[in-house]
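Participant: Handing you a structure now.
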Amino acid sequence: WVIHEGLYTTRDNFYRQPLSKHLPTFVAGSMAAVILLKLEAWIKATGFKFRPLHIVALRIVEAVLIAAYLSVVFRGLFFNWLGMPLPPATKYFMPFTSVKLSLLIVIEMIQPSTVSQIFEWVVLRYMGKISFSVYLLHVFVIFTPPIKQMTNYYDKTFAVFGLVILLATTSYYLVEYPSQLFAQRLSRVFNQLVSHEYEKCQSDTDDSDDSDTCTTKSSVSLLVR
């Protein structure tokens, strides 16, 4: 089911979707994580070493996955050349990519290549840093009336990209990053309070057997506060 949905299902309305449209993507990512952990455990247990033939086979599979992914993203390409055209572009906004990306990530984690090095580029690392803001705010840019009314595909693409990056950057430095710092300060304060309560309990109790009780009391007193 996950493989079928990840390979063939398209999303026809990406800002109003039931959970069922997103579920295969989350399941595919979870399955990829499980597969990766199992493979790493097996490689460690058996002492398996990748030989040149294995690496070549992985790179061929990886190249096919990348070609299929780019073909979907750019609405055709290799599918048209193979006589298997995708649905008309007017019928979907978000293509079916979860299976391709999940397998690609697993391959890169097992045997890194130039693809992993590409994702270490400063620009892409920065995009990863603001990605949560991009995820939350891109819809507001896409459906802004002046943007929505643009007819030229390239003008619209560059306008959306630039405005989303600008908005996400502003949100990151004004909201997200300060929130992260605040959460870190709260965590340090809570840790100090727990440590203080524990030390106080220890000073009142000379019996070392009560250390677990002190830990419980300090945690409970912190929650009560």
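For all residues, glycine too, the Cβ spot is worked out from N, Cα and C.
So TrEMBL has the following annotated:
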COMPBIAS  213-225  compositional bias 'Low complexity'
REGION    202-225  region 'Disordered'
TRANSMEM  23-41  transmembrane segment
TRANSMEM  53-72  transmembrane segment
TRANSMEM  92-110  transmembrane segment
TRANSMEM  122-145  transmembrane segment
TRANSMEM  157-175  transmembrane segment
Participant: Is it true that the transmembrane segment (122-145) and the transmembrane segment (157-175) have 3 or more CB pairs under 8 Å, sequence gap of 6 or more?
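Facilitator: In contact, yes.
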Participant: For the transmembrane segment (157-175), what are the same-chain contacts with Cβ under 8 Å, counting residues 6+ beyond its ends?
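Facilitator: Contacts with the transmembrane segment (157-175): 129-130, 133-134, 136-138, 140-142, 144, 147, 150.
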